[in-house]
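Annotated in TrEMBL:
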type    : residues                : note
BINDING : D:64, D:65, D:86, D:186 : substrate binding site
DOMAIN  : D:24-268                : domain 'Aspartate/glutamate/uridylate kinase'
SITE    : D:29                    : site 'Transition state stabilizer'
SITE    : D:249                   : site 'Transition state stabilizer'
């Protein structure tokens, strides 16, 4: 009997969240541990499907770096990175695209379809969804470094996504953009997620990461803050309190908030169903950044 | 952490039910204990609102007998029953209508609105929803007994309900029908619920009752059956294994199933969130009757 | 033959009015003599049904005071009024609601349905239609008088009415609003009609009253003015030329005009089909107030 | 005051007719006296406009014979008829078309627009509305007589009319059909009206004629029958009780009824507003033929 | 094989034009030689039909002067012109309308229908499409000259045309407007075309003329300019470089451009398929005037 | 001038084809030489874009075999075939999918987007578009041969494609199906094209091949037949007159025709714009198979 009561309590706790987010768009950046471990992967797929079934419009943007390097190595190529960015010559770009679109994206779409969600895979090519320009990277000495086909987002065509969600699809987007000449560009997935959220004026952008959230003290894992204002976060960034791989993520968050996204969540993708718990329950499991 | 995992498990368990019942109509007969106790009442309202928010079309039909008698007594009138049916002269009908439509129905509508559901109260008058004819009652000796304005359902206009649910409303129906001459008739709420479910070709009819379900042995509360086929239930009825107040309920169930309703649930309304648990979890908390 | 010609002339006279008001919303405050006498009642129902059938969107708001007092007296309670407002404790509120929603509203809905119009009864509960706040009444000495659950209109949700009229329904509204805590409040029906007309930006608000219109000389029934500008009427009000029960009606008229209603008609409800004649013929039978 | 009561009574009498015919299609054959006299003409235009404004879909088909002959004579040509059918050589066809489409049709469209109805003129050319084949006429001796470009209706494209009425237009059709080679054909207007009514599965076909209806005794103007069944009328026709110009009209009526038109009215176009009175009041002013 | 390659090249050349003009409105003034010679006429009809089938919204406005004079002469009347404008008394107006609407317009509609396009003929009467006022003409001495029913365009109801094109029709408009009193007026067809293009905010206005375009040197047929800016053309007009019948055409062009039409083309209607070549190929065959 | 006339003639020749195929679905199997040579590739992309712009619904299904083998070889794997079917173990399947979805499909989508068509890439994963079962292959000796993940089409979800074409997309489909357990299967592209055409009840299925059509005499390239009935083709197949790689293509053609596709075209993809010429001109450039 207590089991019944507990179950009912959880469902009832979800009610106000379902009510609030009905018809709202939530962009989810999917990557890291949540993509690597099978159990976590299934949990994310269930969470996204549930979001769709209760009336939200989830949009998934995924990364996929390690698998790109793996195929390169099988082909005898040596992946090279500058400041965390993959140096992307034409051969690398072709491999990256084959892996991201032809493998990672297919696996996610297939897994969502298995959960009953009408997922559809996309890259920047489809309907001209993501237009890219070459990323101009300056090294520490301020010199331009040629990274090849690494791109910035020039434009996202929100109508392509909106016509798909209106037809009941769950878009799953690989982070590749098309240059003006039809050349594909490799783009950071956090950036793509932020720009997609911005173009859709999404209610939420959720970044599934491998940390438990933002820390008041970068060195102390127990110092997670559960809520922070965008301007405070900007101060943290300026003050050097954000480090390493979190810097581009935080920049993407701030970019999305400026463009009209209401909330950004940095969520610990290592916790099963972290997405679900963040969206449908009173406890968040990460850091929420608000305007 | 375990708490998180448990919560997520409950939400994930609901996923296939939400998927299955999206866009489906569920008629709920609301009455008895679930209506009398404040805590149970709130739980039912949350359950109905949740059903709406995850994409179902719940339709509520309510009773309200005890309050009718209470007002009659305050006015110095003596409620009279024949074979469990209220003898309904013109004065009684007026009082029954004031209580059912002007009090009970308003309370339910107000409570659903408080939960965020766009409830709308109806009786047989609205849009000519329920047309009634006089109920011809035969006593034990086979003689006709004049019960006054006690009615049978002659017709339910499904379009009235469907245009309201299509506009996002949750219909809440008081069991009063209109005769051809505009005279209101008092109708048994289980019967109204069954006829409404039949007219809507509902996916489910759920009767909230004050028993834990149908019993294999009427005398043994622990002999609940969790699933029974309509034809077996018809045999039970013919064999006299259904007794007292359960007879009209069982007849209503069978009527709904014959008319195309897929499943009927007799659920224990004394259990909080019994409705939710029956619809969204693997364990039912009553008896499901299937075709 | 002359009979034919006369009939045709009347129908043809209606043509420009039908053309002008096609698709327009007309809010009718129904009360007084037109509600008390059976013949007048039927005539109003025919008039409202005709308005709907020729393409207008009539919305009815009704009062019902005398019957509330009658039931209170049958229950041994003594109706009490302060400055024409009913002192409304919890028990009175419950009775008022039962009578207004469970009796008066049902009779009107049933009568319109009998005329072929798809009427639907509403109070402030339905879809959260009318939100109320407690009315702060100051007596002649300027002191606050506690009137209990007498309310002011805080908000009218026009979308609820508009989605119903778009589905072909004729809304019939009882003047009860819901407080923030779910408590019902008794509100003056003229006020509700004016606020509903304002929220709908209605073409017309028609008040069926028991006078033949506004009088240039309050003491002289033959001094009716057939047309007056809002600003002149405001002057009359300031100058004390409006008296007694007409004061709140006139205030409601002015409120509706300010909020964008194009015309307000004060019509003599004691004349059969006064509504029809006011809307469809060249002669009005009351006073039209214009912006 | 009595004037008020009488006016209201007429409007109220129209209510059930308006209710019954809402959204229904009524095809009106307009010709004869009703087209010749200015006063009658205006009355018909008002009647058609009123039908549109109360929600019907009126469709007008007109004739125009006398004016064709008048222009021919001004051009020095001699109109010739065989069995009441105009012998139509190429020059005559050109003149007939100029008069019917360029004069008569324009006058009707202009007059309806002046009444506020969004009329649109059509002939068989528009959207390929009426396809014609050459009419094979046999004289009394059974020999084929060459009448030139006199046509039969081969097909009516109901979608052309339906898309216009759906956009709010009142179609006004000149009785000219297009042959397979693009050659226009002159067709009897009663026939066109019947075929248009048949193609639209109209509720009513109303023929405005210069007689007071069908007579039980052809010689006795006072022997009008107000209602007759199609099979009885067919017997009359077979028995030779229908004479002269009424024969093709009666054949057109029977054709329309067979094709699914519910009622055909033969109405006296010399009575002002005969159309209005036939459709909106309890007295008809002609003969109604029913299936 | 070369034939194949050439054919494909032409179709492929049309692709960017089809893409660019999909869903765009193009108003075509049809008259002069293109209307007089059978071969040219068929070519224009094919061109208009093709425009419709590839997704544009062509709207045709036609003239028809010579045939009006021909019928007048057959009726013994003498056509009279002042400064190129037809003096139009009531009898002339009637004849002009019969010819333009009942003959010319019918021929164009029939020919388009034969090409598979759902053409519909209109004049200013239909749906009140073109409202006219009397044209005040001043002779060379500055005195007002009474030209009778020669009109100016007072208003064009774009919604009438738009609802027809939305239903798939190709509107074909005769240049007659309705005065406030229902009197038809004869209007210059170039002017009507320009005003229709202005009201529709058309993408293009194409005037089919009997010259090869605008000439840099009026006397030199080889001095055609293929593109000119509106302001330069205005200068030419002011400087007297435009002569005779081209003056009103050029004024109409400038009027359309001012009202928001993007491009005006003056095209040589004596070249078969000049319209097609102007719209679908890289070479124009006339003069394009741009803003 | 002759150049003008020729161009116009080609465009006009296309008119009846454009009219006939407006709104019709054409499935194009794209592969072979037309995919290998850059010039031919661009021509096909222009042809498909043109089809879309003139109102058809083209759907592209592509193959891509040689590139799969190329990547396998780079990875040190040896492609193996049995009876022309690729033996597909798990590693091969992964590579095939990466190449087909992540490379070939992206190139086609990008090229169509560059032509202005809103292309969208799909495989069997997207929305569960293509469900597959394992292909049971029997060798010449009748023994089952294990080919691994080579699949047959179990079902095509036409709604997925139809909702995309209704939103203006041009679907581009890689021939991979999903098994019940989520396992991808490699399917013959001709078969996928035929099944997609069947599911869509397409107007046409066009197979771009590397032959000039079907030959009456397999050995004589000049013996192409331009039109053949399905039953005759079936006889040819039974009589062994079809050889080698044409057998599965012919079987796919017959399958599509049986399922309701109206025409199948086997077209020589080595001719530039063969698709365009086949669809829009009087000369076909291959063999048309009709029911």
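Placement of Cβ uses the backbone N, Cα and C atoms for every residue, glycine included.
Given the structure is predicted, the values throughout are model-derived calculations rather than measurements.
Features as recorded by TrEMBL, highlighted on the structure.
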| residue | record | Cβ contacts under 8 Å, 6 or more apart |
| --- | --- | --- |
| D:29 | site 'Transition state stabilizer' | D:61, D:62, D:63, D:189, D:190, D:193, D:205, D:206, D:207, D:208 |
| D:64 | substrate binding site | D:31, D:35, D:99, D:100, D:103, D:104, D:174, D:189 |
| D:65 | substrate binding site | D:86 |
| D:186 | substrate binding site | D:86, D:88, D:92, D:93, D:96, D:149, D:150, D:151, D:175, D:176 |
| D:249 | site 'Transition state stabilizer' | D:190, D:207, D:209, D:266 |
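Around residue D:86 (substrate binding site), a 10 Å sphere centred on its CB holds 21 further CB atoms from the protein chains shown. In the three-state DSSP scheme, residue D:64 (substrate binding site) is classed as coil.
Mapped onto three states, the DSSP output places residue D:249 (site 'Transition state stabilizer') in helix.
Listed in sequence order, the residues D:63, D:68, D:69, D:96, D:100, D:175, D:189 complete the 8 Å Cβ shell around the substrate site centroid, once D:64, D:65, D:86, D:186 themselves are left out.
Taken residue by residue with DSSP, residue D:86 (substrate binding site) is part of a strand.
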